[in-house]
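Swiss-Prot annotations:
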type	residues	note
TRANSMEM	27-47	transmembrane segment
TRANSMEM	70-90	transmembrane segment
TRANSMEM	97-117	transmembrane segment
TRANSMEM	134-154	transmembrane segment
TRANSMEM	167-187	transmembrane segment
TRANSMEM	199-219	transmembrane segment
TRANSMEM	236-256	transmembrane segment
TRANSMEM	263-283	transmembrane segment
TRANSMEM	288-308	transmembrane segment
TRANSMEM	338-358	transmembrane segment
Amino acid sequence: MLYWLTQLLQGQYHAFRVFQYLTFRSILASLTALIVGLLCGPLMIRWLRGLQIGQMVRSDGPQTHLSKAGTPTMGGVLILLAITVSCLLWCDLRQTSLWLVLLVTLANGLVGWVDDYRKLVLKNSKGLPGRWKYFWQSVIALVAVSYLYWNASLPVHTQLTVPFFKTVTWDLGVFFPVLAYFVIVGSSNAVNLTDGLDGLAIMPIVMVAGALGVFAYASSNAVYSNYLGIPYVPNTGELTIFCSSIVGAGLGFLWYNSYPAQVFMGDVGSLALGAALGIVAVVVRQELVLLIMGGLFVIETLSVILQVGYFKYSGGKRLFRMAPLHHHFELKGWSEPKVIVRFWIITVVFVLCGLATLKLR
């Protein structure tokens with residue numbers, strides 16, 4: 001909305017022309033989301049406490065987690081609010097890719113909200129049954145990828161770009177929706193599995209989102225994309241601002257989610273933000289780069305898959321002390337802050353490797 005206003009004013013006041021630049025609006029979007037998160041955080045925490053919406057803790061988990069019982073959750077609503085407000089203020093709302101990404105994010109947030117509401121308010125320990133959660137995630141993803149597939153007007157829209165190789169691309173054709181579906185749903189659930197310690201998930205989300213914003217910016221510019229050897233995807237520049245909003249909102253949330261956490265994001269936050277990373281990667285054609293930069297989420301997910309599979313086929317034996325992997329290290333004696341910071345460091349390495357693909361081709 002403010003972007004539209006500056007468009008009207010720039011003819012009379014040349015200073016407003018600065019709002020044409022994606023970089024400037026991205027900075028403003030990030031700061032706006034950060035301020036919304038910081039200012040609304042205490043209000044959200046008090047509101048959640050008043051509703052007695054507190055985290056339930058697994059009795060078979062690390063004993064240090066018992067003190068977390070009752071900590072307000074569903075704080076992901078705050079993150080989504082900050083992102084939405086920031087995007088509405090600073091984005092060019094005529095760009096359809098922005099609306100697609102924003103709607104996929106909010107729709108997955110709604111699925112997570114229903115799950116949290118059933119568990120915490122209705123006191124249904126199972127929340128939204130897994131099959132229904134997966135069903136609605138699938139519906140959202142299929143609608144999104146179908147829209148992208150049927151509106152693909154350029155070969156790049158359905159091509160898979162291989163990192164580190166300048167000219168290696170595969171035209172997925174009818175298999176594009178399949179890949180895109182698994183990226184969106186897989187990313188959503190991977191982030192959800194990672195969100196198990198104070199601040200563990202939100203900082204990697206911030207880092208990956210920031211890096212995806214760089215790819216969105218470069219991909220939307222014909223000159224930059226040609227120089228860097230990445231796909232040129234027109235009309236995706238506003239996703240840079242969307243990713244910047246995630247960065248600001250995530251940092252604002254981390255202020256209250258850092259150890260010891262005053263609030264948790266809940267499924268409403270983790271499912272939404274995971275889906276956001278997935279759909280942005282799909283739109284800017286960087287699915288494999290997301291696999292690299294989101295390596296922590298991949299590792300956490302694989303630890304759960306391996307644990308369940310090994311337990312089933314070994315007659316009850318466990319590969320890890322507990323899954324997801326962060327709980328394994330806690331039970332080995334690592335303090336929670338040490339696990340969190342070390343996993344953040346791992347994410348920094350993965351994100352730098354992903355960004356390196358911009359030049360190493």
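Numbering starts at 1 and runs along the chain as it is shown here.
Glycine is treated like the rest: Cβ placed from N, Cα and C.
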Long-range Cβ neighbours of the transmembrane segment (70-90) (under 8 Å; 6 or more residues past either end): 1-3, 25-26, 28-30, 32-34, 36-37, 40-41, 44-45, 48-49, 53-55, 98, 102, 105-106, 109, 112-113, 116-117, 120, 241-242, 244-246, 248-250, 252-253, 256-257, 261-270, 272-273
Interface-richest range of 27-47, 97-117, 134-154, 167-187, 288-308 toward the transmembrane segment (199-219), CB pairs under 8 Å: 288-308
Stretch-level contact, the transmembrane segment (288-308) and the transmembrane segment (236-256), CB cutoff 8 A, at least 3 pairs: no
For the transmembrane segment (236-256), distant same-chain residues with Cβ under 8 A (at least six beyond the ends): 22-23, 25-27, 29-38, 41-42, 45, 75, 78-80, 82-83, 86-87, 90-92, 95, 97-98, 101-102, 199, 202-203, 205-206, 209-210, 212-214, 216-217, 219-221, 262-263, 265, 269, 273, 276, 280, 283-284
